[in-house]
């Protein structure tokens, strides 16, 4: 069996107003090469952007990889490493028997993660971590660029 490529991925999400215009930022490092990605949406939430960032990054990988994925989102990290197992057993319901929020993105993240060996790491945001700060800049710039793209899965709280 061949050795899997080791990719370092850093992600962040941003939202102005929450809900409001939002964006995500991604920095990917592989053997000294860096790739940056970002995009914005007209109306979304911070949590949706925190989920979409790792989804886009993982879906961009062309083959199974060993991934160290670092984010400042406890919501995303806790969800994908801990909460998701219970949600799936309960038919995507929370322990309070309410539907899981952002279920479209959780399902997509779960599917994207299955293809890779991922070490999910957390870093404190706005604490001088270079790649996280760059992701924050990319995400904020995407949110501030008057995005027109629609976040199809966003549903306003009723």
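Every residue gets a Cβ built from N, Cα and C, even glycine.
As annotated by Swiss-Prot, domain 'RNase H type-1' applies to 3-144, with the evidence given as sequence analysis.
Swiss-Prot lists 12, 136 with the feature Mg(2+) 2 binding site, giving sequence analysis as the kind of evidence. Listed in sequence order, 24, 25, 50, 53, 71, 72, 73, 125, 132, 135, 136, 138, 139 are the same-chain residues six or more apart from residue 12 (Mg(2+) 2 binding site) with CB atoms under 8 A from its CB.
The secondary structure of residue 12 (Mg(2+) 2 binding site), as reduced to three states from DSSP, is extended strand. Per Swiss-Prot, the feature Mg(2+) 1 binding site maps to 12, 50, 72.
Its Cβ taken as reference, residue 136 (Mg(2+) 2 binding site) is surrounded by 19 other Cβ atoms within 10 Å in the chains shown. Of the chain residues outside the Mg(2+) 1 site list 12, 50, 72, 11, 13, 14, 49, 53, 71, 73, 76, 125, 132, 135, 136, 139 have their Cβ within 8 Å of the site's Cβ mean position. Of the listed binding-site residues 50, 72, the Cβ environment within 10 Å is emptiest of other Cβ atoms at 72.
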